[in-house]
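Here's the structure we're looking at; comments come further down.
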Amino acid sequence: MSFPASELLLSYWSPKAMEVNAVLLLHLVGSMVLGMLVGYERSFHGRAAGMRTFSLVCMASTGIVAIFGYPEFWFGGQHVNTITADGPARVIQGIVTGIGFLGAGVIIREGHSISGLSTAASIWTAAAIGILIGLGFYGAGIALALLCAFSMTIVLQLERWLPRRKRYLFELSFNLDGHPSAERLQALAEINGFTIGTDSISISLGKNRQFWSYTATTLPRLKPDMANLALALQQLEGLEKFTISPTRI
């Protein structure tokens, strides 16, 4: 049995290769920070895709694209001619496309909430890690794996700590004696720290029934009082039943 020459093994960890991996690390850290900033805007408004999802997608995209700037360091800096260099590019394209379908399979919509976005993003990031390692960028691959773990744990805690607005779906059922109005519902919501999106109000009529549904968002400077709002809704004339459930879409 023959083992790879020490020169080949060392070529993956040569000073020049480590310098390239350090540059890739800077790319990855920068993309993670910028992805978190974009994701926080979505998280603040109660959307399903937040800081983790955006940072993972941004990092994975950066890792895949950045390596094409250093083809001379692929596979430990071995000579890569035009034909073989095009081969890995096609393989990478196939991986990215295939992983997209795999990630879509873990995204689940249950009622008015979506789950699995961070899992899908982490799967795509794992594919980027495999691409980096496969091409010989071990330093960048290890760094991306650590940043991915950081994003899935520490960034999750940071996302929960930062202020954000939560969204809730309200579904109310009235009998024919009830005469609800959007203005009345909005007033009750604002008193208790919520605001109703006027474009989210939906009204439907059934046999001897009328159904109202709308989305309310917590106000940033007021502490929402869900219990008091529920008590206030019970006082509405003609209200038979109502449900309040969190929503993240």
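Along the chain as shown, the residues are counted starting at 1.
Using N, Cα and C of the backbone, Cβ positions are placed for all residues, glycine too.
Because TrEMBL annotations are produced automatically, they should be read as predictions rather than curated entries.
Packing against the transmembrane segment (20-40) from elsewhere in the chain are residues 49-59, 61-63, 66-67, 70, 73, 132, 137-140, 143-144, 147, 151, 155, 159, 162: each is 6 or more residues past its ends and has a CB under 8 Å from a CB in it. For 20-40 (among others), the entry in TrEMBL reads transmembrane segment.
For 52-71 (among others), the entry in TrEMBL reads transmembrane segment.
Residues or ranges marked as transmembrane segment in TrEMBL: 91-108 (among others). Through the fold, the transmembrane segment (91-108) approaches residues 64, 114-117, 119-121, 123-124, 127, 130-131 of its own chain, all at least 6 residues removed from its boundaries and within a Cβ separation under 8 Å.
Below 8 angstroms of C-beta separation, residues 24, 48-49, 52-53, 56-57, 59-61, 63-64, 67, 92, 95-96, 99-100, 102-104, 106-108, 140-141, 144-145, 148, 152 of the same chain, each at least six residues beyond the ends of the transmembrane segment (115-133), sit close to that stretch. Annotation comment: TrEMBL describes 115-133 (among others) as transmembrane segment.
Look at TrEMBL and you will find 139-158 (among others) tagged as transmembrane segment. Distant neighbours of the transmembrane segment (139-158): 17-18, 21-22, 24-25, 28-29, 32, 36, 51-52, 55-56, 59-60, 63, 66-67, 118, 122, 125-126, 128-130, 132-133; these residues of the same chain sit at least 6 beyond its ends, with a Cβ under 8 Å from one of its Cβ atoms.
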